[in-house]
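Trainee: According to TrEMBL, the protein has these features:
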type: BINDING; residues: E33, E58, D85; note: S-adenosyl-L-methionine binding site
type: BINDING; residues: K112, D144, T177, R178, Y179, E180; note: substrate binding site
Amino acid sequence: MSEFLRYDLDLRHYAAPIDWKKIFGNNKELAVEIGFGNGEFLVSMAKEKSWCNFIGFETSLISLVKIQKKLYSESIENVKVSRIDGKFALREFFSDNSVWEVYINFPCPWPKKSHQGKRFTDQGFTETLAAVLKADGNFQLISDVKWYVEHMKAFLLKTGCFEIIEFGKSDKTIVGTRYEKKWISQGKDIYILRAKKINHITVERWTWGGFEMPHVHIENVNREKILGLKDTIFKHLKGVFVVKSVYYSQDEYLLRIVSNEGGFQQRYFISVEKVHDRWLVKLDTDASAYRTPVVKFSVRKIAEVIGF
């Protein structure tokens, strides 16, 4: 199993933006697929475009394991994969003007209004594309949902940074996955959107220069306040966090936190521990959260509300 792991990147251990030339050991162009699923498209493209390095993002652990086995069995060396939300990763781990191509194939459209923040069809994502893609770099979306492709086109054009080079229904196999072939065999429509970057903008990054986590020392803590934090929601300009559970011993409290920033959700623990004659509030040592604004805010806010 260990031989597969060379393809996997745990981005929590890297300072942003990532030096991809160092990761791959060469200066090849970069291409990204968000949501690679079974990995058929990513593996195929890596073979076809050996002059390019590919980074695949996926949230499914099963998909991650499957593609690593494929990459190993076929001796493919120009691919790295990571289990992370692709919208977040594209913005946070790539410098401006560094990516040649971005692919998204058959994403979940999240049709319910309550799930709108999970879609790729929003201003934040298309502005991220305009930032990280190189001049004349390409973005390609394949979907079986017409309105979704239309919405993406509108958001791309709204940035003023893209020229649409292909848009509409396709009558041929594009991606080559089993899902696509099955869909076409049933006579259902597949839609393609391809756009080229013609202008540049930059976007705010949440984690750049913020690898270290704030530690807050307070003189005393109010036990009742800490225990009463369960299910409390705290709001920040970038998002929210909620205290889901509180665990405690004589000299330590552990708060289980869930945060959400623009649809990017994280789960982690905040530790409140007595150190000598004071209390230390910090991100728990074993926490695996990215140092985003809401994560940093949560440490400071907890320290603020539990002290006296």
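The backbone N, Cα and C atoms fix where each Cβ goes, glycine too.
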Trainee: I'm trying to understand the geometry here, so how far is the Cα atom of E180 (substrate binding site) from the Cα atom of E33 (S-adenosyl-L-methionine binding site), in Å to the nearest whole number?
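Mentor: Cα of E180 (substrate binding site) to Cα of E33 (S-adenosyl-L-methionine binding site) measures 16 Å after rounding.
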Trainee: Below 8 Å Cβ to Cβ and six or more residues apart, same chain only. Which residues does that give for R178 (substrate binding site)?
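Mentor: Set apart from R178 (substrate binding site) by at least 6 residues yet with Cβ under 8 Å, we have N38, E40.
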Trainee: Taking the Cα atoms as reference points, how far is D85 (S-adenosyl-L-methionine binding site) from Y179 (substrate binding site) in Å?
Mentor: 22
Trainee: Could you state the whole-number distance in Å separating the C-alpha atoms of T177 (substrate binding site) and E33 (S-adenosyl-L-methionine binding site)?
Mentor: 14
Trainee: Looking at the binding-site residues listed here (K112, D144, Y179), whose Cα lies nearest to that of E58 (S-adenosyl-L-methionine binding site)?
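Mentor: For E58 (S-adenosyl-L-methionine binding site), the closest Cα among K112, D144, Y179 is found at Y179.
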Trainee: From the Cα of E33 (S-adenosyl-L-methionine binding site) across to the Cα of Y179 (substrate binding site), what is the distance in angstrom?
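Mentor: Y179 (substrate binding site) to E33 (S-adenosyl-L-methionine binding site), Cα-Cα distance: 17 Å.
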Trainee: Within 10 Å of the Cβ of T177 (substrate binding site), how many other Cβ atoms can you find? Include all protein chains, please.
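Mentor: By my count, 20.
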Trainee: With the S-adenosyl-L-methionine site defined by E33, E58, D85, which remaining residues of that chain have Cβ atoms positioned within 8 Å of the Cβ centroid?
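Mentor: Sorted by sequence, the hits are I34, G35, F36, G56, F57, T59, S82, I84, G86, A89.
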Trainee: For E33 (S-adenosyl-L-methionine binding site), which residues in the same chain are close in space, meaning a Cβ under 8 Å from its Cβ, but six or more apart along the sequence?
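Mentor: Result: F41, L42, M45, F54, I55, G56, F57, V102, Y103, I104, N105.
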Trainee: Determine the C-alpha span of the S-adenosyl-L-methionine site listed in the record, that is the greatest distance between any two of E33, E58, D85, in Å to the nearest whole number.
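Mentor: In whole numbers, the farthest two Cα atoms are 12 Å apart.
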